[in-house]
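**Student:** What follows is a single structure, and I will ask about it in a moment.
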Amino acid sequence: MYSIVAEESGLLPRERLLQKGAEVLSDQELLAIVLRTGTRSESVLSMANRILKGMTSLADLSRLSLNELQKIPGIGRVKSIELKAMVELAKRIEKAELARSEQIMSSQQVARRMMLDIGDKPQEHLVAIYLDTQNRIIQQKTVFIGGVRRSIAEPREILHYACHLMATSLIVVHNHPSGEAYPSRNDIDFTQKIKRSCDDLGICLLDHLIVGKSTYYSFREEREDFEL
């Protein structure tokens, strides 16, 4: 293993973190700490710099598969696993921050949360978020994952859990694996169906959101009075 060689002009990234805090470190320095070591011919700082230059933004790291990470020169099996674990942990931390004693105040708030959660899934996922009288989350549940024979859940599957949890309202969210968030005719029909079923049971359907990797569509925001 080959460790980073310090430049005479400055401290090593780990030393800078200890003395000045993680927030002052550059992306290159933080990535170098995660990578830990370079190769015989390249320091870990140079490797980190090369990796970052090959990306449009840090967000690209979250989109690379293990195989794609291993194709980067200097990134073997172990480093690719460590990077993937770091990215997943960062996602979970952000989701945990969003969920902490969270009261749902807007569709945008939910969309931000769900873009992280299911926005980049290769299959369609339908999630129901069940809320109490104060719009606090009781439970978030993946109700359906798309398959060959079915592409959307039935209202009864969603409402079964709503009744069990004694939820007073709910939000339905699903992703489009294509990344586009505009509703199809099936999406509109499904929304009409779930809204009628909720009304029949006295449960408020606050919204149906469609999310992609970086965009979303809200039936409540886009359709006046949520009338479909």
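Keep in mind that glycine also has a Cβ here, set from the backbone N, Cα and C atoms.
From Swiss-Prot, here are the annotated features:
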DOMAIN    103-225  domain 'MPN'
BINDING   HIS174, HIS176, ASP187  Zn(2+) binding site
MOTIF     174-187  motif 'JAMM motif'
**Student:** Are there residues at least 6 beyond the ends of the motif 'JAMM motif' (174-187) whose Cβ is under 8 Å from a Cβ of it, and what are they?
**Tutor:** 114, 118-119, 121-127, 151-152, 208-217, 219
**Student:** Here are the binding-site residues: HIS174, HIS176. Which has the lowest count of other Cβ atoms within 10 Å?
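**Tutor:** It is HIS176 that, of the binding-site residues HIS174, HIS176, has the fewest other Cβ atoms within 10 Å.
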**Student:** What count of other C-beta atoms do you get within 10 angstroms of the C-beta of ASP187 (Zn(2+) binding site), across all chains shown?
**Tutor:** 19
**Student:** Pull the DSSP breakdown for the motif 'JAMM motif' (174-187) and write it out as helix, strand, coil residue counts.
**Tutor:** 3 helix, 2 strand, 9 coil
